[in-house]
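Peer 1: Here's a structure for you.
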């Protein structure tokens, strides 16, 4: 599954360009939710942390894995929940108050 | 099975992009975030399937995995539910810290763990990952502490701090290069980690509170890059894609914020605003100002057809956004058109002021960014400035002072201007604001919260 270096660099470069394209279209009004949403996306580091936990076999490995999984999970859960909470506050003029 | 999980990861990556795309309008943004969250769930589930299938995980490994996930999720959930909107920059900073920290730990674990012989192919991204991840970890923690007021928000510059910074930077580069070519050297790893952790602190220490929007954006870009590098180390494509997306997002926001503050990124990192040669220049310094009362302003507002509000950080610091929205409601009910002109650096992070106003139930149609707002001022009867200073100073259009060239809101184009301010104190740039001494400007000296409440009451009495 692991891509060779050239493929990986290609993916990285194209993803950067896609990111620049998509994110330049986000209005300034939403920059805070954008940042916390992007924050949640980098929580995908949790996937890597899970693999690390799966291959850990000694005390140091377990400690590192625990920290990485906990950090990653906090990042994912907290990031998405707070972004949703913020976006829920952005109401249109016509929407009922709540 | 690997192929299937590979496709799930690809779908997740595609949904991250679509989720970000849906963020281009407030009406679809929430759905975009949910889509992104669902994709994240699928990716984590996919990883879980692979772990179960491989069955190389030990019982302790499972315990560590579940305990870590439960602890992290609970902490993240609690923080996200309980945080106040004014404290959002701190929380985002903390998420940057844990993301960067986790990314660095992945590389550390890969280097110290068992497995095939390590090569430069792993060494280079691992070294970059550990360097950036560790800098982000301590830098973001310190930034959060500064924003929270646990550490002085003022720029902290000690004698020889630049020398220390340079020394740490060189150590980091050296140890990084060493680790890149000798990935199994424990000494190189320890040296790099220690230098990077220390550099994170010394990098953020001299940066002042007003520069925080740039710093948070920059650390966000760092985290993204660190996660992408972790993806290179582990050979996980989804980490590379997600990391690159966040890196792009952080990079763009950093550039926008630095432009909006009229400063270069290196200049902010080196730190110390106004400590250089740019002494305040005389504008209309010390000229007479026209002080007005709540009743004067109420009449002015009630007779206006169009009012543009310019909220600044002072509004948020005084927790006055609800009073502001209440005043706007009274005016709107009376038939006055009210909009908000939001400067990019009006809060402590990009877009912060918009969230604070949205929390006070201001509809998003009334929130205008700088480019939308500036043409509106010429049609405005009253521009109401609350807690904003440097971003309204017309001196920025002239060369030769500390804010020359900074993009500002054209408040002076409005027919009349009312400024709510506690005193004639200066903004961050330490300049006199010549807006205040113009004949069309009335100064209403009051605390933002009390002043706005008084205005709302006065308008109510006047129109009833």
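Cβ atoms here come from the backbone N, Cα and C positions, even for glycine.
In TrEMBL, annotation is done automatically, which means it is predicted and not curated.
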Peer 1: According to TrEMBL, which stretch among B:91-112, B:267-288 corresponds to the feature transmembrane segment?
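Peer 2: Spelled out, TrEMBL records transmembrane segment over residues B:91-112, not the other listed ranges.
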Peer 1: Which residues of the same chain, at least 6 past either end of the transmembrane segment (B:124-144), have a Cβ under 8 Å from a Cβ in it?
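Peer 2: Counting only partners 6 or more residues beyond its ends, the transmembrane segment (B:124-144) has Cβ contacts under 8 Å with 89-91, 93-94, 96-97, 99-108, 110-111, 151, 172, 176-177, 179-180, 183, 189, 192-193, 196-201, 203-205, 207, 212, 215-216, 219, 222-223, 225-226, 229-230, 232-233.
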Peer 1: I'd like to know if the transmembrane segment (B:239-258) touches the transmembrane segment (B:6-22) in this structure, counting it as a touch only when three or more C-beta pairs sit under 8 Å and are separated by 6 or more positions.
Peer 2: yes
Peer 1: To the transmembrane segment (B:91-112), which of B:156-180, B:186-207, B:214-233, B:239-258 is linked by the most Cβ pairs under 8 Å?
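Peer 2: Comparing B:156-180, B:186-207, B:214-233, B:239-258 against the transmembrane segment (B:91-112), the winner is B:214-233.
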Peer 1: Mean pLDDT for the domain 'NADP transhydrogenase beta-like' (B:8-456), as a whole number?
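Peer 2: That region's mean pLDDT is 89.
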Peer 1: Pairs of Cβ atoms less than 8 Å apart decide it: which stretch in B:34-53, B:59-79, B:156-180, B:214-233 has the most with the transmembrane segment (B:186-207)?
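Peer 2: By Cβ pairs under 8 Å, B:156-180 leads among B:34-53, B:59-79, B:156-180, B:214-233.
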